[in-house]
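Listed in TrEMBL for this protein:
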{"type": "ACT_SITE", "residues": "Lys202", "note": "active site, schiff-base intermediate with substrate"}
{"type": "BINDING", "residues": "Glu242", "note": "Mg(2+) binding site"}
{"type": "ACT_SITE", "residues": "Lys257", "note": "active site, schiff-base intermediate with substrate"}
Amino acid sequence: MTLHAPYPQGRPRRLRRDEFTRDLVREHRLGAHDLIYPVFVQEGQGRRDPVASMPGVERLTLDTLLPVAERCIRLGIPVMALFPVIDPSRKTSDGSEAFNPDGLVPRVVRALKTRFPELGVMTDVALDPFTTHGQDGLLDDTGYIVNDETVAVLTRQALVQAEAGVDIVAPSDMMDGRIGAIRRSLEEAGHIHTRIMAYSAKYASAFYGPFRDAVGSAGNLGRGNKKVYQMDPGNSNEALREVAMDIAEGADMVMVKPGMPYLDIIRRVKDEFRVPTFAYQVSGEYAMLQAAAQNGWLDREAVMLESLLAFKRAGADGVLTYFALEAAERLR
Ligand code: PBG
């Protein structure tokens, strides 16, 4: 198939000559509706504590979060994703605070859904903000992160979140079989509308560093890592197996994480399964762009929008990004 007549009849630059022509033939577009805004929430009142490694990102309290939710609605951002900062006194080795029905996350979910029923709310299903060791699951005597016992706890956590009225639960733990277990227990409890966005291809990445500072799990995790459950960055076919399993187990949407270094995975997943596919532009990606912009080395707004558009081109239906508010503001 010849797409262009040969030069000189074929001059691809014709379509790049003016903004109107570029606009006319652009294949992929970014809008506020593509964005999910991750927020950090803590106990207390009236606080907005900056996260040192994520300039522009703050840990909010319920009262300072509400105006942010309102801003999301005004800007057309469909979903906010909650990440809790749990007081160290509430952390245990088994992370039992994760399924406390009166815990921080369920309370914030109830408040948000009461005030702003039209805003989608998503919650993370994983134990790392709640454990003294900072791992996403339970440990055996050797320090190994056990699977099936962890899944039982995650299922309780997801159920508590669903009961609080969350729209989307997002298991980010990478235990085997957790999507199926969570789906079954949601169905049994009558939560047939609760959507599951599975962190299906989540890699054991160094790009999560600033997030672990933000939720206060970095110190707990110490020199530990998550390689015995999160995926090896050298693997690509394995991502397809993980996604296939999560879809078969009942995921409504799947996710690839991190984002920018894994655009190839997004493309393969989208081509193979054609299901709603999301990408997470994680904390380290945000930090790296912000740092370069603060040094005057990159044009902040331009790289923000280019990086987000790249996710759409790679096949993502949406992106979790700490730039969501700013990008939506700019895209108006
Ligand atoms: C928790 C979780 C993590 C992120 C989202 N959910 C951290 C981790 O797996 O260590 C990372 C998000 C980011 O870096 O922005 N399981």
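Note that Cβ sites are derived from N, Cα and C of the backbone, with glycine treated the same way.
Note that TrEMBL annotation is computational and uncurated.
Lys202 (active site, schiff-base intermediate with substrate) and Glu242 (Mg(2+) binding site) have their C-alpha atoms 9 Å apart, to the nearest angstrom.
Close to Lys257 (active site, schiff-base intermediate with substrate) in the fold, though at least 6 residues off in sequence, lie Ser172, Tyr199, Ala201, Lys202, Tyr203, Ser205, Ala279, Tyr280, Val282, each with a CB less than 8 Å from its CB. Here the Cβ of Lys202 (active site, schiff-base intermediate with substrate) has 27 other Cβ atoms within 10 Å, regardless of which shown protein chain they belong to.
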